[in-house]
Amino acid sequence: MRRSLAPSQLAKRKPEGRSCDDEDWQPGLVTPRKRKSSSETQIQECFLSPFRKPLSQLTNQPPCLDSSQHEAFIRSILSKPFKVPIPNYQGPLGSRALGLKRAGVRRALHDPLEKDALVLYEPPPLSAHDQLKLDKEKLPVHVVVDPILSKVLRPHQREGVKFLWECVTSRRIPGSHGCIMADEMGLGKTLQCITLMWTLLRQSPECKPEIDKAVVVSPSSLVKNWYNEVGKWLGGRIQPLAIDGGSKDEIDQKLEGFMNQRGARVSSPILIISYETFRLHVGVLQKGSVGLVICDEGHRLKNSENQTYQALDSLNTSRRVLISGTPIQNDLLEYFSLVHFVNSGILGTAHEFKKHFELPILKGRDAAASEADRQLGEERLRELTSIVNRCLIRRTSDILSKYLPVKIEQVVCCRLTPLQTELYKRFLRQAKPAEELLEGKMSVSSLSSITSLKKLCNHPALIYDKCVEEEDGFVGALDLFPPGYSSKALEPQLSGKMLVLDYILAVTRSRSSDKVVLVSNYTQTLDLFEKLCRARRYLYVRLDGTMSIKKRAKVVERFNSPSSPDFVFMLSSKAGGCGLNLIGANRLVMFDPDWNPANDEQAMARVWRDGQKKTCYIYRLLSAGTIEEKIFQRQSHKKALSSCVVDEEQDVERHFSLGELKELFILDEASLSDTHDRLHCRRCVNSRQIRPPPDGSDCTSDLAGWNHCTDKWGLRDEVLQAAWDAASTAITFVFHQRSHEEQRGLR
């Protein structure tokens, strides 16, 4: 072969008449041979077959590319951003990067030996012989809570997280994956559940995530709160999907995108949705499986026949956590529904539960029960608690005494005014509601009578229109009102409770910088509060069912600000009793009682919670000798039942028989406190306390363990003392107790 055609020489030549390297190679186009220069000897030689076009540029000329075409081509690339090939994908690209498969020995996600590490699972110890026999790719690893969370968890919260994890991973009850978080308000149930979700989404003993998706179902007013709490504690490590509005198609599209996520591609692994929205769109959520469902305010599921319960029960998941600070609200059968939802079958069927547990326990709790009934009731109670305690964790608010200032609760009995008394007696004579209350069953008319009497106890202005229209029970009652009376202007002196409230607000405003929360079950009563505040020139804000969720958050944030001039926060217990944090105030007035103690407890827990720095004062106003005291007594009966089953307190006294609770429509004008009369208190003589409460008593104790006062001298609240001075005839009796003894120098 001629040397000039050798590959080593061919690559160095400059072909003639060529404009670019895209033309075909022709062996005849060669140039005369030149002697190598020293620089040419350093050029890398390459081999090029004569039967294909060269792979490298054969000339020193630049490639023939049109610059405008090049720029246009680059722009076309940049104008088409990468799109994730997942149907209906809405989230970000995520923070997970591609990488190599983990090599070496399997290890826990976080160091179990680190200081204050919270270890949820520890592999069983293995001998050296066992370690050689087992496959290293199948060795279980420690499950350790992320240090970003474990360092902020309090001791009771660490215990709670471990309990929850053991329940949902079927380590406490084999074959069952549910539990009830029944801690009282203020103990951090939300943080514990966020820690559980984050741990399950990131790790397991098998060195992979336990779940890939979780759903949080809550009241609509708490959807935004859950979203904020996830962001607060996880700091952007995860992007939850909160459904708080939108059209049906938009919500369906978001839910389909959530359900279509798989494995490591889950960019939004937490869905936060309201009960109402969940029920309406459950068809989309049933199309796939979910690793975990958390139901906040889970006592909504007390009735297994309602649509919300059935919709949630149809969700394809075995891991279920139910959050409820008050799992028993009305009866044990509702309690059964909650336990059955999280762990189906552990208490049998509803019929079996009622026969074996509910009837014997309730019969044994009745004040008129025989000794045999009591023994059987206690035996069945022990059996029930032994079963349920394996999947229910309950801590009371006395734990908070280590972290929060003192709380003083006061039940203030107020005397009816002469106008209220005459209206009350006339209604009982005319409407005769007691005759319609047969066998403890309430008819529609008796329920209406209860509402009328409750409103009358708040203020006669609330039943003035009924008097004008001469409705049943108020015929001729208009003559009892003062001459020239108008419901447009509020007259506090016509209501015993409103008069006491007027004094409490005035004394608080003049003697301190404290703020006050006013709570009522009726928006009409909130209207009266507004009139009172305008008359006294108090700045106020109001939250009821008409306010949007977004506006609620802004109103609460503004009120809690130390620079806010607002003095009063008016709250409808029906609309906003759950989840609100009103630590800007340290005094709360519960103006009227609810049949359900859980509603009142929720509302009263708004000020005594994390972040509160001042001593808290809770006032529960009751009209003495009226239906309000009967409602309060019914609450005590329910709370005693709850204490027996959930708190396991065996010394809760049996004060009220079911027969006594039927005496709703009796007015006792002479009684200072019908509730105290029924206690048969041994520490009081002629309604005056002569011995203090037992040692260790606090706000969670039975009323028999509270202080009982018929004058101001035993009170610990200077504001109530001054109000009692001003309204000497309006206040008849006060129960009061504190949450704990203040530990000076330790805070």
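Positions of Cβ are set from backbone N, Cα and C atoms, glycine also.
Among the ranges 296-299, 316-319, 512-515, the stretch that Swiss-Prot annotates as motif 'DEGH box' is 296-299. Checked against Swiss-Prot, the residues Ser572, Ser623, Ser728 yield a single entry marked phosphoserine: Ser572. Of the residues Ser38, Ser697, Swiss-Prot records the annotation phosphoserine for Ser38. Listed by sequence, the residues of this chain that lie at least six past the ends of the motif 'DEGH box' (296-299) yet keep a Cβ under 8 A from its Cβ atoms are 180, 190, 216-219, 222, 226, 322-324, 326-327, 329, 334, 338, 341, 578-579, 598.
Here the C-alpha separation of Gly186 (ATP binding site) and Ser572 (phosphoserine) works out to 20 Å.
Long-range Cβ contacts of Thr190 (ATP binding site) within its own chain (separation 6+, distance under 8 Å): Asn225, Trp226, Glu229, Asp296, Ile323. Sequence-distant contacts (6 or more apart, same chain, Cβ under 8 Å) of Glu184 (ATP binding site) comprise Gly325, Arg394, Arg395, Thr396, Ser397, Glu601, Ala605. With helix defined as DSSP H, G or I and strand as E or B, the motif 'DEGH box' (296-299) counts 2 helix, 0 strand, 2 coil.
Same-chain residues with CB within 8 A of the center of the Asp183, Glu184, Met185, Gly186, Leu187, Gly188, Lys189, Thr190 CB atoms, the ATP site residues themselves not counted, are Gly325, Ser397.
Annotation for Leu187 (ATP binding site): same-chain Cβ neighbours under 8 Å, separated by at least 6 residues, are His156, Gln157, Arg395, Ser397, Ile399, Leu400. For the binding-site residues shown (Gly186, Gly188), fewest C-beta neighbours within 10 angstroms: Gly186.
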